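Worksheet: the structure to be examined is printed underneath.
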Amino acid sequence: MSSQSPKRMYGTGNNFVIIDSRSINNLNWNYREIANQNGCDQIIVITNSSAADCFMHIYNADGGEVEMCGNAARCVGYLIMSEKSTEYATIELVNKRILECFKVGGRSIKVNMGKPLFKWHEIPLSAKCDPLHLPIELEMLKDPVAVNIGNPHMVFFVDNISEIPLQSLGPKLEKHTLFPKKVNVNIAQVEKSGEISLRVWERGTGITASCGSAACAALIASVLRGYLITRQTSVNLPGGKLLIEWPDNIFMTGDIGFL
């Protein structure tokens, strides 16, 4: 992987521009302009790390840096593993988490996303309340679950995700006063098969075809609410399918590719 040679990649419907800046550790890029020119969900900048194989900076289309992106981690993990000719790589994030990436076959990459956080101040919320039943209601959406997967999420459960006007409700919910750092908004439907169908309004980006941490949040919320007994299922997003497992840490597996 050559330094500063941008690559366009995707992870289950999420599109990224990935810049390797390890040779000079340069973060001075116009992220909004890059996003507008390339039509990507996020810009990923790889720099050096003393604690892992690399440090991954994640910038949304609005130019703001965020803490976590599981789908981007799978793409970066693949690049690092290809560079090292190994099947394992580690990635440091701005929130100090170290993600472990594993090659499980072809371009299918598994990521250990770490332990989810559930306490109200860990998510974080601006006021003490029960994260399993947030006092939030907007039109047909109510009673969401909040969880932190390295970034804040709230999950609403509905009978039919296609009926939810996410384009109009997403911006309002993202900026809800209960979330001082804003929040990723997830609309989940637990299917009879035990799989989860999911739509996502991503903080700082908007409606997105996929979001790995959102898929993790959806499984966790489904288990905590008692909608699922198993801690492993497939989450179906507009951009494709992710396998999510929650034995203790949360794991996500899916395909990556180049654009």
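Glycine residues also receive a Cβ, built from the backbone N, Cα and C atoms like all the rest.
For the substrate site that Swiss-Prot gives as N14, Q42, N60, G70, N71, N151, E202, R203, G212, S213, the extra residue drawn from N28, N30, N184, N186 is N184. Here the CA atom of C69 (active site, proton donor) lies 6 Å from the CA atom of S213 (substrate binding site). When Cβ atoms from all protein chains are considered, those within 10 Å of N14 (substrate binding site) total 29, not counting its own. The Cβ centroid of N14, Q42, N60, G70, N71, N151, N184, E202, R203, G212, S213 marks the substrate site; residues of that chain outside this set whose Cβ lies within 8 Å of it are D41, I58, V66, M68, C69, A72, V200, T205, T208, C211, A214, given in sequence order.
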